[in-house]
Amino acid sequence: MPVSLLWAVDVYGRVYSLSTAGQLWEQCHDAQMEFKRVTAAQQWLRWNPVDGFSDRLLPSDRWQWSDVTGLQHQPLDNFRIPSDSWEWEGDWYADENFEGEPTEKGGWTYAIDFPATYTKDKKWNSCVRRRRWLRYRRYKAMDTWAKIPPQQTTLPDPFSDISCGGWEINEEPRGRLSLWAVSLQGKVWFREGIYHHNPEGSFWEDIPIPGEVVQISCGPGDLVWAVLWEGQLIVREGISRDCPKGTSWAVVDSPSPDVGATHVAVGNNVVWALTKDNKVWFRRGVNSHNPCGSGWISMVGEMIMINVGLNDQVLAIGSEDRAVYFRQGVTSSELSGKTWRAITVPRDGDRSHSSASAGSLQSAGCYFCGEVRAQSVVSDVESDTEKGSTDGASCLVASSSPESFVDAPTDHSDQPTETPKPRIPKVTSDSFISELVSDREPGKTSREGVPAGPAVLEEEHFPGEEEIKAPCAGVAISPSQSGGPLDPQWSNVDLEEAQGHPVQTGAVVDSADTCSLSSVATYTLAMEDPYGADEHPLWAWVSGGGCSVDSHSQLNWFNCSMNASSMVQSAQSMSLSVSPAQTAAWRRQIFEQLSERTKREIDNFRHYEQAIEQSVWVKKGTMQWWRDWKPHKWIDVHFALEQFSGSEGNKDGILFIYYNFYEEKKYLHAFINEVTILVPVLNDSKHSFAIYTPERTKQRWPIRLAAATELEMHDWLALLSDSCCDSRVIQGPPSKQAIWSVTCKGDIFVSEPSPSLEAMPYPTPCDHMFWRQVGGHLRMVECNSVGIVWGIGYDHTAWVYTGGYGGGIFQGLSSSTDNIYTQVDAKSVYIYENQRWNPVSGYTNRGLPTDRYMWSDASGLHECTKTNMKPPSPQWTWVSDWAIDYSVSGGTDREGWQYAADFPASYHGYKTLKDFVRRRRWARKCKLTTTGPWQEIPPISLSDVTILPCAAQSSVDVVPLWAISNKGDVLCRLGVTTLTPAGSSWLHVGTDQPFKSISIGAASQVWAIAKDGSAFYRGSVSPQSPAGDCWYHIPSPAKQKLKQVSVGRTSVYTVDENGNLWYRQGVTPSYPQGSSWEHISNNVRKVSVGPLDQVWIIADKVQGSQSLSCGTVCHRLGVQPMEPKGQSWDYGIGGGWDHITVRGNSMEPPRIRLPSLTAPAPQSPLPVRNMAVNGDAVGC
């Protein structure tokens, strides 16, 4: 589960946050996190026959300095940042790139007139030219409160409620939010222009409403509900990607006909509401297609405020105790949950104590009608007995009637007839501060009502109890005499305990003179109040919009109880506290008893022989098997795992597959210690997985099995994986030297390298490596040899490895108990709508007989419609509807169409006379939720990451880590160490164009690939200058565009868009840019160069003896210091692999003594078909 924050506000306006991994409310403190943005202005020039291009334009021309449209005047000197929350990061400079290609010096682009199509080449008819000026700005007000800048139009009246959401509206760009607000006049406002690079938004827009609104709630998707002043509810309809404000309101009646609604909270597919009698209601049948729902269900509990967080988790504030409650048992199948549970954790700054000391009680302030009076109000009241007070001031203590103060008579004849009920100030969503201060009368707190003197502690009277006199001369006050019913202030006071410890109350004086003074009633707090004696936390508002909690989350919010009964019990049991000396004695006694039992039951019988030499157990089941012979198809088989353990504790096993062959019973078997990997297979109709052995890896034909259900498949995978690890004696988390890989399905695997993996001349065969799965779901992983591992998900979220193991399908003993968190990944599924033009009806979905499907995938070979398209696998679930995707390469028109002369061809976003076909892409978002040893690193989305490959005995304190954001920005992570692998902050590294790949090698060599396919080297990178000083352009191989780079100790390898692998020659310490590119191989998808210059790749296609596999792990053989390019390829696990990193394997290979020339040469353990001499990465 990624660590996220729950936010709350107490009744005094203080803001606190509670981490899902913590046990303390922390008060908000300002912090700085770097954030940047690039802004643009345009400069225009027109050509005239006398002066050439000049800034003297025609009267009808646009401004000389303007925005991209030319309509707004924007000179460089007068360009202002939006608010004080931004700061400039550099100076203005001319952009010398045009659509990814360099222009002439100066960055000018030319056209015949304004506006027109601009080109980088100057022509004879080029009468105007323009160039773009850039300047970086950074948003500096992260993790602090920033005032929204005023706008030029009339500002709305003060707000009373606000709600944000909408980040999951049908492929809404990441970082874009919908912010709704309610003003004191009952109007609804919508904040336009809130997105990742402009968190402040642009301006407020008034939304028409059918009545006066008092409160509003916006969910992560397209749900927006509001409460009217009359008690009805309204629902916003028509919210979509193109119209996040919606189009109209629909009215929904209050849950109770006689009692109006006061509060509403919405999530993804849920709506909760509160009525004026504080009852809780749940709305059933709510979804994107029916935002109004179908009916109300009454729930248990009385609340004054409710909020729905991420994953539809529910939080509320109780109407009686004003505590924060969490709804337990909320799952996707049971959205209403099961029970309310109070969050009972201390707050930041509270004083913990085990007894009610004089100092803590007196310094904390006392309760008066639900409020804490400031010490300055009674600064003139002095006490001679407060020697131990922490602040040196005594507290004014009053009864529950704020209008008057009375002397306390000694007669206790008048007793209340019923238990007094606490008077808690009513807090509503529109204004809780005004309600809190409405009953305060500062004028009544003068010395006129209370003579100067210390406050005296008095006991509270409860019905049915005998009067107990105060410890000081019987001075007390009854509820009736104090001007109103007593307020117990949420504390169930135990009078016996309070009387038994008069000195500990801190409010009892030992002077007879003070007993004659007037006094007012106070109420003792519990002796072990977890919040200290200063005050019980009174919450007014809670927000879980950024708190990610699901049914798998292990929260530490409920460890200490805050209810009244437990407070009394803690006070009464104070005398039963256990000292550290007693605890130590008990531990010694228990240890001695266990040692004696071990000696009695085990050690005395060690000389006897084992009655059973080995134990055997078998698990059986029925599955389907993709048979080995043609025609290949799924057949029903019996599957069995026989596992046995020897007397020495070693374990092994055998797999059996029983099938029928022409009515003859046969079986297939595989030894557990020969299984190299167990892989879940991507299949939309079968819950299948593959079993590989070295021989089947060579054949490219694994054993494929399918279970009846997903749960059964996961059970078998976890059991088989545990058996394989037991037979190879592999336990616990991966080592720092581990090799990490990721499949195209997103599953993560690690392999522990042997010292002979890189040995020469006989390395360990690549297909003998054992891979085990690690929980989580990622697109890529990068690591180094000090144990720092980062990953990037399909949604570009960055994750850091926590050091655990297991998660996902591995539970119990197969997984670590800590460092396992919930991980959410998301991606979009795309289909294409194709049309052909005909002279009669224009573009229609009736194509030629030879055309592609009118609804297809990107290739056009497979039919994919909105109805039959399924998520990538059963683990994925749809979270949005189909929507037109406008972010297609080549651009689109206003309806999302791309045009071309024919299928397939080069598509463009505008129609010409030669375009006879068109297509548009539809997208639908799906989400996967799993668990694993990964923790999220917000807030910047990444597309690539690289970590410095350290040597085996490296002593680097701060590890350099570079990354590229999903926007193409180059970033350097600061503060990355072995103790803090997540680092502390990002440092932006300026570039003149977007980048897509980056790698850092030994001696801080940083290489990167731009989106236009060119290579760059970063100069002067060092521990003293972690970001370097400038980029050096490295020419790409002839007619090739590079896409990925990897740098090792001395080697630099790149892969181009056509699958060619290139080696950079001439790289030396004095000339790190190298001299030229040398072609090594083709058919390469990814490359990873390790700290010893070892080279591993993911090959596109590898031919086995029975099948062709796509996405295969390959190892370059023969890599030596004198021959860094290697000699041949060794093929390993595959296909279906998409990423590998060996940058953590700094294990030096053993030195092998070569035989003499006269001795016969030993046979290589590598089959001939498993190698390829320098050239293609395929067996040939």
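Each position is counted from 1, following the chain as shown.
Keep in mind that glycine also has a Cβ here, set from the backbone N, Cα and C atoms.
In TrEMBL this protein carries:
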DOMAIN    34-95  domain 'Peroxin/Ferlin'
DOMAIN    107-140  domain 'Peroxin/Ferlin'
DOMAIN    617-727  domain 'PH'
DOMAIN    824-885  domain 'Peroxin/Ferlin'
DOMAIN    896-929  domain 'Peroxin/Ferlin'
REGION    402-427  region 'Disordered'
For the domain 'PH' (617-727), the number of residues DSSP places in helix, strand and coil | 27 helix, 56 strand, 28 coil
DSSP-derived helix, strand and coil totals, residue by residue, for the domain 'Peroxin/Ferlin' (824-885) | 0 helix, 26 strand, 36 coil
What are the DSSP helix/strand/coil residue counts across the domain 'Peroxin/Ferlin' (107-140)?
-> 0 helix, 16 strand, 18 coil
The DSSP breakdown of the domain 'Peroxin/Ferlin' (896-929) into helix, strand and coil residues is 0 helix, 18 strand, 16 coil
